[in-house]
């Protein structure tokens, strides 16, 4: 049986001008001289074709994230960390995207989930003049890139909703360069700004909301955070749904008398995947001839992590969480099981195994891959500050050994010379998770005084700036765009 196949489409011109045409080249040279093609070179270096017909949003974001040199923090293939559209699964299952495509809000969620700063504007929240000014700003810089969501019919093209990055701007012609990620269909092309704006100023039938554009840049902060919401775990959506939808209903349905009862409602029957939902960001390195030293960069990161931990543990909410956890020790529950994983050697054994996998590109399936776990302390300065090294050995498939160190946030020595551990614990995790929940989560608490008390404990406005960043920049976005 014969099947229908297509080889590309003829680019409707006008209104578009093929980038590779003589006129397209002329526009490029002129725009280059105007200084509004600065972002083009980074984008074109990582320009790719979407791997599935409905992956335009994923491929567009993958191009931009790689152009911004954002580290995905996980492997693509072999030992290499690299963004590919098949890896962008933290806000929508890939199988669903493959069939239905992806919406504007979910692409913004994906960008934030993968470490980018996002300024998203639907067409009803902006003007064509604002859009033009932001595009000019992006195209004059290597550090910011614009993604547009538009309906193809507005450009006389076949198809419906589409995402693409913008690669440049020409002032006299008022045209932008669309780097179309469906390269099997249309080549990169220049289009008038006003025409593209009209194509963006349309309704997405899937959501009933306007399309628009977003400006993507790299977060201006070193990767020294303690926690992240592990939205890549298979059960992350059920946990996010429980926290954002079920918890508010549970709080509204019960007569609660104190904060301990509130915490019981939130954590008494969470999905089992909660254990994997919030993750400690550990730092792992190869062992260097048994030499326990820290670079200034390593010291700086560990100091920040220790400061964040200290801010968490001095927060009023932390004291309530600790008290509640103490009351749960005699019970067998998901949260109680979490506490079993709090011991530093057990934590670090898992981490050193994962780290060795990344460092060597060789992982064992099942079994214990780290042995000879050894906890050591190293003085950093004269203020009794020390860091903790947990050293482990990883045996590869060829029976060769690789030593790895897990660097634990700085700790202090107590009055009797004992080190006070500063590694993240269950109480820290739950405190940060509660702070990341939307404020309206608690609005259903019936008792007014209790509701006010809980709200004051979880409000992030009065938190120290380091802890605010930990919650607002790295935790809230995933829950916000669920």
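Backbone N, Cα and C define each Cβ position, glycine as well.
The annotation domain 'Peptidase C83' is assigned in Swiss-Prot to 1-221 on the grounds of sequence analysis. Taken from Swiss-Prot, the feature active site covers 56, 162, 180.
Rounded to a whole value, the Cα-Cα separation of residue 162 (active site) and residue 56 (active site) is 6 Å.
Residues near residue 56 (active site) in space but far in sequence (CB under 8 A, at least 6 apart, same chain), listed by position: 50, 101, 162, 163, 164, 181, 182. Under a cutoff of 8 A between CB atoms, and with a sequence separation of 6+ in the same chain, the neighbours of residue 180 (active site) are 162, 164, 186, 187, 188, 189.
If you draw a 10 Å sphere around the CB of residue 162 (active site), it holds 24 other CB atoms from the protein chains shown. In the three-state DSSP scheme, residue 180 (active site) is classed as coil. If you take every residue in the domain 'Peptidase C83' (1-221) and average the pLDDT, you get 89.
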